[in-house]
Amino acid sequence: MKILLLTLVVVTIMCLDLGYTTKCYKTGERIISETCPPGQDLCYMKTWCDVFCGSRGRVIELGCTATCPTVKPHEQITCCSTDNCNPHPKMKQR
């Protein structure tokens with residue numbers, strides 16, 4: 001009986017995946033996939049135009065967040081909750 005209970009406890013712990021955190025793409029010097037800090041379980045992609053928008057295209061920011069950011073005028077924001085669900089648009093073409 002003790003072995004059965006111990007087995008159930010071990011299986012339960014393995015199935016819970018304790019301490020899981022989301023992985024998101026983040027922008028910086030280069031685009032990388034990183035584990036998000038605890039409490040930041042969403043990935044986001046924010047785009048907007050700056051003064052170079054006509055020649056370079058929209059600015060793209062990727063990262064982790066606890067809540068989806070509020071959209072400001074002339075910004076577009078998308079949020080998602082699975083690992084690396086916020087790839088840079090050019091990465092999707094590969």
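All positions are counted from 1 along the displayed chain.
Every residue gets a Cβ built from N, Cα and C, even glycine.
Annotated in Swiss-Prot:
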SIGNAL    1-21  signal peptide
DISULFID  Cys24-Cys43  disulfide bond
DISULFID  Cys36-Cys64  disulfide bond
DISULFID  Cys49-Cys53  disulfide bond
DISULFID  Cys68-Cys79  disulfide bond
DISULFID  Cys80-Cys85  disulfide bond
Assigned element (helix, strand, coil) containing Cys85 (disulfide bond), judged by DSSP:
coil
Residues with Cβ closer than 8 Å to the Cβ of Cys43 (disulfide bond), same chain and 6+ apart in sequence?
Thr22, Cys24, Tyr25, Cys36, Leu62, Gly63, Cys64, Thr65, Cys79, Cys80, Ser81, Thr82, Asn84, Cys85, Asn86
Calculate the distance in Å between the alpha carbons (Cα) of Cys53 (disulfide bond) and Cys68 (disulfide bond), and round it to a whole number.
24
Structural state of Cys36 (disulfide bond), classified by DSSP into three states
coil
Which of these disulfide-bonded residues has the least crowded Cβ, counting other Cβ atoms within 10 Å: Cys53, Cys64?
Cys53
Taking just the CA atoms, what is the gap between Cys68 (disulfide bond) and Cys49 (disulfide bond) in Å?
20
Site with most surrounding Cβ atoms, counting all protein chains shown within 10 Å, from the disulfide-bonded residues Cys24, Cys36, Cys79, Cys80, Cys85:
Cys24
Long-range neighbours only, meaning 6 or more apart in sequence with Cβ under 8 Å: which ones does Cys49 (disulfide bond) have?
Arg58, Val59, His74
Taking DSSP three-state, what's Cys24 (disulfide bond) in: helix, strand or coil?
strand
Have a look around Cys68 (disulfide bond) and count the other CB atoms within 10 A of its CB, chains all included.
15
